[in-house]
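Below is one structure, written out as structure tokens, with a few remarks after it.
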């Protein structure tokens with residue numbers, strides 16, 4: 001499953017780069033290639049080339065969380081033109097970033113703290129659901145599936161729900177039922193792959209416009 005997941009992520013990144021280089025799509029895809037590159041560096045390279053990474057994987061994962069909070073916070077802030085959302089989005093992300101950096105201990109990074117674990121799915125769920133509500137209140141002639149953010153929002157919403165069930169009991173299962181933990185990790189790998197497949201579909205549905 002890891003090979004399939006990695007293949008999907010890399011394929012999505014390459015297609016995103018194709019849109020960037022040959023179609024000049026940057027704004028249309030919300031600079032997704034930057035996020036995908038970060039995923040490759042943080043989640044794929046350390047697994048396949050562990051000797052090339054000197055940083056603890058939990059530290060890398062915290063970096064991924066912080067980067068994702070900023071990246072998705074920015075693209076949804078730009079996309080959703082609603083003052084209430086933008087204010088709450090700003091407050092939530094800044095608060096979570098501060099809490100994560102304050103609670104992280106560089107001398108004890110064997111386990112990721114609970115704040116880091118739940119912060120990303122909380123923000124993802126808030127942003128994706130608010131986008132759905134915003135879209136329903138601002139109906140246009142285009143199909144919702146033609147909107148790149150439909151696929152992004154669907155992907156991160158599905159990912160967030162399953163991530164909560166995967167991450168919160170992680171250390172308990174690690175100590176008490178490693179076999180069940182292995183099953184949960186495998187199931188989550190499937191969900192992870194589905195999210196990036198949805199991202200790829202979203203890229204394919206981007207309209208042929210040059211507004212970057």
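Glycine is treated like the rest: Cβ placed from N, Cα and C.
As recorded in TrEMBL, the features of this protein are as follows:
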| type | residues | note |
| --- | --- | --- |
| TRANSMEM | 6-22 | transmembrane segment |
| TRANSMEM | 31-49 | transmembrane segment |
| TRANSMEM | 61-78 | transmembrane segment |
| TRANSMEM | 85-102 | transmembrane segment |
| TRANSMEM | 114-136 | transmembrane segment |
| TRANSMEM | 148-168 | transmembrane segment |
| TRANSMEM | 180-206 | transmembrane segment |
Cβ-Cβ under 8 Å with the transmembrane segment (114-136): same-chain residues at least 6 beyond its ends: 61-62, 65, 68-69, 72-73, 76, 79-80, 82, 85, 88-89, 92-93, 96, 99-100, 103-104, 144, 147, 149-150, 152-154, 156-157, 159-161, 163-164, 167-168, 170
Distant-in-sequence neighbours of the transmembrane segment (61-78), which means Cβ under 8 A and at least six residues beyond its ends: 30-31, 34-35, 38-39, 42-43, 85-86, 89-90, 93, 96-97, 100-101, 104, 109, 112, 116, 119-120, 123-124, 127, 130-131, 152, 156
Contact yes or no, the transmembrane segment (6-22) and the transmembrane segment (180-206), 3+ Cβ pairs under 8 Å, gap 6+: yes
Folded-back contacts onto the transmembrane segment (180-206), same chain, C-beta under 8 angstroms, at least six residues removed: 1-2, 4-5, 8-9, 11-12, 15-16, 19, 25, 28-29, 32, 36, 145-152, 154-156, 158-159, 162-163, 165-166, 169-170, 173-174
